[in-house]
2 protein chains.
Amino acid sequence: MTRHYNFCAGPAALPAAVLERARSELLDFHGRGLSVMEMSHRSDDFIAIAERTEADLRQLLSIPSNYKVLFLQGGASMQFAMLPMNLLGKGGSANFIQTGIWGKKALGEAKRLGYSCHLAGSSEANGHVAVPEQHTLALSRDAAYLHYTSNETIGGLEFNYTPQAQCADGSVVPLVCDMSSNILSGPINVADFGVIYAGAQKNIGPAGLTLVIVRDDLLGNALPGTPSLFDYQLLAEAGSMVNTPPTYAWYLAGLVFQWLKDDMGGLDAMDVLNQRKADKLYAAIDASGFYSNPIAPPNRSRMNVPFVLADAALDKVFLNEADEAGLLNLQGHRSVGGMRASLYNAVTEEAVDALIAFMADFEQRRG
Amino acid sequence: MTRHYNFCAGPAALPAAVLERARSELLDFHGRGLSVMEMSHRSDDFIAIAERTEADLRQLLSIPSNYKVLFLQGGASMQFAMLPMNLLGKGGSANFIQTGIWGKKALGEAKRLGYSCHLAGSSEANGHVAVPEQHTLALSRDAAYLHYTSNETIGGLEFNYTPQAQCADGSVVPLVCDMSSNILSGPINVADFGVIYAGAQKNIGPAGLTLVIVRDDLLGNALPGTPSLFDYQLLAEAGSMVNTPPTYAWYLAGLVFQWLKDDMGGLDAMDVLNQRKADKLYAAIDASGFYSNPIAPPNRSRMNVPFVLADAALDKVFLNEADEAGLLNLQGHRSVGGMRASLYNAVTEEAVDALIAFMADFEQRRG
């Protein structure tokens, strides 16, 4: 068995220690004679797993007690629909900051469902290389909330500040954030947000699980005709078990949270490590005449580092040679091309060093 | 490591051979240096897994080419909402046969969403111990489809015939079936159905995956305002990858399908085996003066066998002793109490024999 360096944007690398533990427990969890996959979600054993997972996440992110934590299905894209159905029950319009493809999709889905949508800020004019500054944001008069994407996975653009969702009259509306690709990369102040959500398949666990952290006062306003499994209030009341949840993915998320706490020293330590990993790679790109990244330095993503070669004709050679060197999944998103190295929590500093060394060698030979 | 006999109703037992194979590949799939969980869903490796899984299922169930196979999230309960949103786009009412709790929930969700619903048949009057006969079914004049639950997991009531969805004027509307707890237990004639759906966590794989088999002519009619991830047409066009699917659950379902084909001899063989397992257990119950099952023999479920003890005060003792004997998860659903032994595909005949022996011994000692 060999483990290679995996820079996939998602579903992404998981910590080897987590996979090893999952493997050791796969056929027999704690001597119970069955797999976690084979347990009722209402069994004592699974309830203990679920509760510990939530408690560990609450500790990692210092989640205040007036927030509910939901473990759902459907991915962040399902939230694009669930958010307006839950947050516009009292009327008003959904406001968006758009800094790339995912923010655009979130707005598009709310529009598709017929909701009133307003673009409160955008980086489209600069080609999504710098996030809009706070003073340029303009919420609609009837804003019910402000949605943004803290890290655009495809573009590699990350907010370096938390937007204030302030309307012209000074009132503040809930801030809603898609944190799919940078949640748990460092500490955040949950109290700044009304809703935080994230697909699991980057920094949480396997695909098929979606995390939603929602402030209590935003529950109970779902529009009539909202499917039961879309209603935050019903989901919160049922402890995310209105129906059978994705139990194995939930368990694996729990192992990741334990790894973050016990092996990695929590999110302050991850913050330092992730900064160091990203700084190294951007420094190598900037020092080179061959590789380049277009993003304004303060908004460069720590999680997703897109870059292009000076000669795009070499892209395939680069990817093939990287693959042979055990550096996997460096191709950029199919919509933009080029390269992308995702440096999520489970991607080690050793992996980043190996990538940098490979890039230098490739440049020397082919650049 | 010990593997006990697991009679859980769901998430349910998986074949040991499948779990062993998953374990052997967990950290390194086929020498690729990463787990299936860590692969992009758009990678060649995962696409090959996804395509083989669908091809194997099509072979197992002899699915005609004019049906799409979708691998979704949300469970069968999500389908309770998706079905009317997709099938009532041309108007008409949703018709239901109700033979227990799940059928009732399916109707309740369609009602909650504001659709016109009609009860075309019910076993409520007989306490859900026998399914309504074909000649008693009465579809509404404007029926758009007829929904039923082929096996009620909680009540242990299974249809022994495929209903005809015939209206009073002789026209036939699509038949829609929730097969969550008996799909793949034997052959079916897919062409009899408009839509077949099933949560994975009984006979398919782990929780968090939902199978939908839908006839081509039923695509493309979703109501305006339907979320993208609810629209069968969009999902079918995208090969179930409108967004990131639950890749690991999909892979495990594939391993289960391979096991059914290669190790178990396909669904004809499963049919024989499942009949034999169920016959044995019902015979033991009927021969006893201590255990009883209330369901009319022709409608007794082969997958879920509920039974009660003559003395309910012994329930806890029975469950504790069974647990100590390595016979797990025999408690009935929390809404009905008593006992329930689920005999899904992965529950071996050896497990059923062990249960029958334990029950005889318990009756002798305590009955």
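Glycine is treated like the rest: Cβ placed from N, Cα and C.
Matching A:Asp178, A:Asp268, A:Asp271 to the pyridoxal 5'-phosphate binding residues that TrEMBL gives (A:Ala76, A:Ser77, A:Trp102, A:Thr153, A:Gln201, A:Asn243, A:Thr244) identifies A:Asp178. In this structure, A:Thr153 (pyridoxal 5'-phosphate binding site) belongs to neither helix nor strand by DSSP; it is coil. The Cβ of A:Arg42 (L-glutamate binding site) has 12 neighbouring Cβ atoms from other residues within 10 Å, across all protein chains displayed. If you take every residue in the domain 'Aminotransferase class V' (A:5-355) and average the pLDDT, you get 97. Counting only the Cα atoms, the space from A:Ala76 (pyridoxal 5'-phosphate binding site) to A:Arg42 (L-glutamate binding site) is about 25 angstrom. For the binding-site residues A:Ser77, A:Thr153, A:Gln201, A:Asn243, A:Thr244, counting C-beta atoms within 10 A of each C-beta gives the highest total at A:Gln201. Long-range Cβ neighbours of A:Asp178 (pyridoxal 5'-phosphate binding site) (same chain, at least 6 residues apart, Cβ-Cβ under 8 Å): A:Ala76, A:Gln79, A:Trp102, A:Gly103, A:Ala106, A:His147, A:Tyr148, A:Thr149, A:Ser150, A:Tyr197, A:Ala198.
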